[in-house]
Each structure stands twice: as structure tokens, then as C-alpha cells.
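Features reported for this protein in TrEMBL:
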type	residues	note
DOMAIN	178-339	domain 'CP-type G'
DOMAIN	187-337	domain 'EngC GTPase'
BINDING	227, 228, 229, 230, 281, 282, 283, 284, 285, 286, 287, 288, 289	GTP binding site
BINDING	363, 368, 370, 376	Zn(2+) binding site
Ligand SMILES: Nc1nc2c(ncn2[C@@H]2O[C@H](COP(=O)(O)OP(=O)(O)OP(=O)(O)O)[C@@H](O)[C@H]2O)c(=O)[nH]1
Ligand SMILES: [Mg+2]
Ligand SMILES: [Zn+2]
């Protein structure tokens with residue numbers, strides 16, 4: 001720690017009592033743990049890059065120097081103090097003391113996460129829980145809609161969330177603003193409904209492919225839902241459907257529907273039966289409109305798409321869980337602009353395009369990346385139309401992005 005910072009740090013420490021200090025170091029340790037996970041992922045991709053070169057001498061000096069400076073626990077504690085301030089720390093301690101040691105634990109499921117609090121569904125009612133600043137810096141990865149949690153009531157009747165159960169499945173992506181931090185879109189979901197629009201905004205197969213990979217990684221069954229089919233006539237529809245045929249051929253459920261005129265909604269609802277699903281996709285594709293249509297009581301806010309560009313306006317701000325029927329739960333999520341892939345090694349990407357497997361056995365090289373190698377049977381299958389060109393091009397595009405990010 002720099003001398004000037006150390007002085008500030010020691011001054012701040014003097015202002016804290018013992019329990020506040022304990023809380024500070026606990027949160028510093030949590031923060032360090034979260035950053036180590038990120039660092040491990042970055043290191044993994046760095047190593048695999050090195051392994052591809054003949055030896056360490058071929059790695060540039062810049063890359064060798066790229067190691068992050070070493071931080072001890074005081075540095076992490078300083079980071080907590082700088083980013084949150086002493087006041088928030090005091091509030092957590094107050095709530096903790098209020099709770100006492102023998103407060104009864106309650107169990108529930110997160111319906112919505114807001115800054116510093118969340119809505120929990122517990123024993124048939126909604127409970128507003130404060131989440132305490134120890135989660136605030138890692139909140140986006142530690143807490144997600146669908147998480148099963150424990151909370152207790154303070155002496156003053158405030159519900160305070162204190163622990164999260166391990167997840168069975170999730171959809172996650174890298175935080176677009178903080179490198180190395182995972183952002184979990186939804187937890188413990190059975191299905192991810194990838195909502196694409198046939199038009200306004202344009203159909204983007206590469207986004208569908210990214211979500212398919214995230215779903216496979218997170219142990220979630222994907223369903224493709226193509227909305228707004230009322231916007232095109234039959235001849236234009238044939239061309240778009242040709243692209244979607246590739247997904248049906250690899251055994252995925254593709255549902256065409258319109259939240260506007262209601263067509264296909266029966267099929268969509270059938271595919272959601274007895275499950276908890278998350279609606280994901282670009283902004284403006286109609287995720288919230290579909291939810292409203294499936295359950296008119298919900299009436300969540302929708303927004304028009306931009307007239308010129310046909311892009312959505314990011315109307316939904318927070319992910320939220322809704323119960324549609326006894327056994328159908330849907331998580332509506334904010335539309336995204338770009339969907340990055342969390343923890344993806346470029347060498348592993350090809351395994352997520354399962355239709356490549358059959359042909360890859362005949363590639364000349366067993367570790368063929370299906371990009372530049374001679375004798376590549378996957379490329380031949382693309383030429384002959386046995387593998388969809390759109391899917392292959394999206395493989396190349398994703399590979400390029402994740403290789404760039406991991407270098
Ligand atoms: N023509 C047509 N318009 C639709 C359909 N579904 C939704 N829309 C319109 O598309 C616009 C965006 O709908 P939303 O439901 O807000 O889209 P969203 O995916 O929830 O958007 P974000 O919350 O920004 O992610 C609204 O103007 C809807 O009326 C449809 O099936 N057909
Ligand atoms: Mg929405
Ligand atoms: Zn190959």
C-alpha cells in the first residue's frame with residue numbers, strides 16, 4: 001500500500017469499533033475471493049495461449065509483465081472503505097447486532113434484486129429483505145433472481161438476508177463493466193427461453209448461439225422463441241425460417257409466436273409447463289409483452305422500439321420472477337445489447353457446437369479448431385450444406401471475440 005494511502009487507511013480504522021473492524025475484514029476477504037476467481041480465469045486463458053507457442057521465449061515482454069500487483073488484505077479493506085465509505089459499514093453492523101444470535105431463520109426464493117435490498121417469496125408472501133453491504137460489491141454474482149436464501153427478522157422487524165444456497169443451475173455472463181466478475185441473470189431455472197424477434201429488432205442468430213452456449217454451461221435447457229411473426233408475410237417468413245431450421249435439426253424446440261395477435265402462445269405455454277423459465281434476449285424482442293400475454297394479471301411495463309433503428313429501449317430494468325400458474329414460473333429480464341460468455345476457453349468453444357462433432361472425427365488434425373487447418377472435415381461439411389453456414393460463421397465470430405478477450 002502506498003504511504004499516502006496507508007495514512008488514510010489508519011485514520012479510517014481508528015474510527016471503527018471492534019465489530020465494525022471485523023465486518024470490514026470479512027468483506028475485504030469476500031472481495032479478494034471474488035477477484036481471485038476472475039484472476040484464475042484470466043490466468044487460465046493466458047496459459048493456454050502460452051501453451052500454443054513453442055516456448056516461453058516467444059511470449060512478449062509485455063505479456064510477461066501483465067501480472068497484477070500483489071494486494072494484501074489491508075489493500076482489499078482499503079478498497080472496501082474507498083468504494084463504500086464508513087457509514088454503510090456501520091449500518092451493516094447495526095443490523096447484525098439487531099439480529100442477535102437466536103433469531104429464527106426463514107427460507108425463501110429471490111423474486112427481484114434491487115440496490116441493497118431484495119424481494120423474497122416465502123411461505124406464500126413477498127418479504128422485502130435488506131441485503132447488507134457485505135453482498136453489495138459482489139451482489140451481481142452472489143445474489144440472483146431464483147436463488148434460494150435464508151433470512152431473519154431483526155428486533156425492529158426488518159428482514160435481513162444472510163445466506164444463499166448453492167445453485168443447481170444458472171445463466172450468467174461476464175460483467176460488461178468489471179473484468180473478471182460474473183453476473184448471474186437467473187438462478188435455479190429449468191429452461192432459458194431465448195426470445196428473438198423476426199423483425200424489429202432484426203433476428204441475430206449469433207446472439208441465439210451465445211445464449212445456447214450459456215444455457216449448456218449453466219445446466220439449463222434452451223428453448224428458442226421467435227416472436228413478432230405477425231410482422232412478416234409468408235414469403236419473407238420462409239427465408240427467416242430457413243435459418244431457424246438449423247436449430248430444429250440439432251433437436252432444439254423452436255416456437256414461433258406473436259404477443260400481438262396471440263398466435264403460437266398455446267405452444268409456448270405448453271413448453272413452459274411444470275418449470276421455472278427465464279426469458280432472455282435483445283431489448284425490444286417482446287419478452288415482457290409475451291409475459292403479459294401469458295398472464296394478463298401481470299401487466300408489466302413494455303416499451304416501443306426505436307422507429308428508425310428498430311432497436312429496443314431497455315424498458316425492463318430489473319430481472320423479476322412471476323408466477324403464471326401453479327406450476328409455471330417465469331423470470332423476465334432486461335434486454336441486453338451484447339452477450340459475452342463467462343469463463344469460456346477458446347479451445348473449448350467447438351464442443352458447444354454439437355453438430356460439428358460427427359464431422360470433426362474426420363478432420364486431419366485431432367485438435368483441429370476448424371478455422372485455418374487443411375483437411376478440415378467441418379469446413380467441408382459447411383461447403384456441402386451439411387452444417388449450417390450461419391451457425392459456422394457465428395462459431396468463427398464468437399471464437400474471434402473470446403480469443404481477443406483472453407489475450
Ligand atoms: N408487432 C408486434 N409487436 C410486438 C410483439 N411483441 C412485442 N411487440 C412490441 O415490441 C415492443 C417491445 O416490447 P417489450 O415487451 O417491451 O420488449 P422487451 O423484450 O421486454 O424489451 P426490454 O424490456 O427492453 O428488454 C413493444 O412496442 C411491443 O408492443 C409482437 O408479437 N408483434
Ligand atoms: Mg421487457
Ligand atoms: Zn476441423
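Any Cβ shown, glycine's included, is placed from N, Cα and C.
Remember, it's a predicted structure, so these values are computed and weren't measured experimentally.
The structure, with features from TrEMBL marked on it.
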residue: 227; record: GTP binding site; CB count, 10 Å: 25
residue: 229; record: GTP binding site; CB count, 10 Å: 19
residue: 281; record: GTP binding site; CB count, 10 Å: 27
residue: 283; record: GTP binding site; CB count, 10 Å: 19
residue: 285; record: GTP binding site; CB count, 10 Å: 29
residue: 287; record: GTP binding site; CB count, 10 Å: 32
residue: 289; record: GTP binding site; CB count, 10 Å: 20
residue: 363; record: Zn(2+) binding site; CB count, 10 Å: 20
residue: 370; record: Zn(2+) binding site; CB count, 10 Å: 24
residue: 376; record: Zn(2+) binding site; CB count, 10 Å: 20
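Within 10 Å of the Cβ of residue 368 (Zn(2+) binding site) there are 20 other Cβ atoms, across all protein chains. Proximity of the binding-site residues (229, 285, 287, 363) to ligand 1: a Cβ under 6 Å from the molecule is found for 285, 287. In this structure the C-alpha atoms belonging to residue 227 (GTP binding site) and residue 368 (Zn(2+) binding site) are separated by 37 Å.
A Cβ distance below 6 Å to any atom of ligand 2 is met, among the binding-site residues 227, 287, 289, 363, 370, by 287. The CA atom of residue 285 (GTP binding site) is located 36 Å away from the CA atom of residue 368 (Zn(2+) binding site). Cα of residue 281 (GTP binding site) to Cα of residue 370 (Zn(2+) binding site): a distance of 28 Å. The distance from the Cα of residue 283 (GTP binding site) to the Cα of residue 363 (Zn(2+) binding site) comes to 39 Å.
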